[in-house]
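Chemist: Pulled these from Swiss-Prot:
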BINDING   CYS15, CYS18, HIS19, MET81  heme c binding site
MOD_RES   GLY2  N-acetylglycine
MOD_RES   TYR49  phosphotyrosine
MOD_RES   LYS56  N6-succinyllysine
MOD_RES   LYS73  N6-succinyllysine
MOD_RES   LYS73  N6-acetyllysine
MOD_RES   TYR98  phosphotyrosine
MOD_RES   LYS100  N6-acetyllysine
Amino acid sequence: MGDVEKGKRIFIMKCSQCHTVEKGGKHKTGPNLHGLFGRKTGQASGFTYTEANKNKGIIWGEDTLMEYLENPKKYIPGTKMIFVGIKKKEERADLIAYLKKATNE
């Protein structure tokens, strides 16, 4: 898959303004991502999601995140995530490798 350290840098630059990853981390503009892998869309406890997120009904994993992170608004029309996405597949793979580790510690 990707490079965890490169993924961490991508997370800090592009994601950390709106998301946290640590267990017990607070929700910001976006939800805390701890426990993301294997969870259905729109299920982080204590965060208010759009109906689009709640109704998407997919399980987060490497493949679903790879597609989602390329263009979030295309993958889940109606999401309130304003991030435009990451076009480079390698950067998405690095970010996913980091998220897989960081959201499970």
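Cβ coordinates are placed from backbone N, Cα and C, and glycine is handled just like the others.
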Chemist: If you measure CYS18 (heme c binding site) to TYR49 (phosphotyrosine) at Cα, how many Å is it?
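Modeler: If we compare the Cα positions of CYS18 (heme c binding site) and TYR49 (phosphotyrosine), the gap is 14 Å.
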Chemist: State the Cα to Cα distance, in Å, between MET81 (heme c binding site) and LYS56 (N6-succinyllysine), rounded to an integer.
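Modeler: It is 14 Å, counting Cα to Cα.
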Chemist: Between the recorded positions GLY2, CYS15, HIS19, TYR49, LYS73, which lies closest to TYR98 (phosphotyrosine), Cα to Cα?
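Modeler: Of the recorded positions GLY2, CYS15, HIS19, TYR49, LYS73, GLY2 has its Cα closest to that of TYR98 (phosphotyrosine).
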Chemist: Between LYS73 (N6-succinyllysine) and LYS56 (N6-succinyllysine), find the distance joining the two CA atoms and give it rounded to the nearest Å.
Modeler: 12
Chemist: Hey, what's the widest CA-to-CA gap across CYS15, CYS18, HIS19, MET81, the heme c contacts in the record, in Å?
Modeler: 11
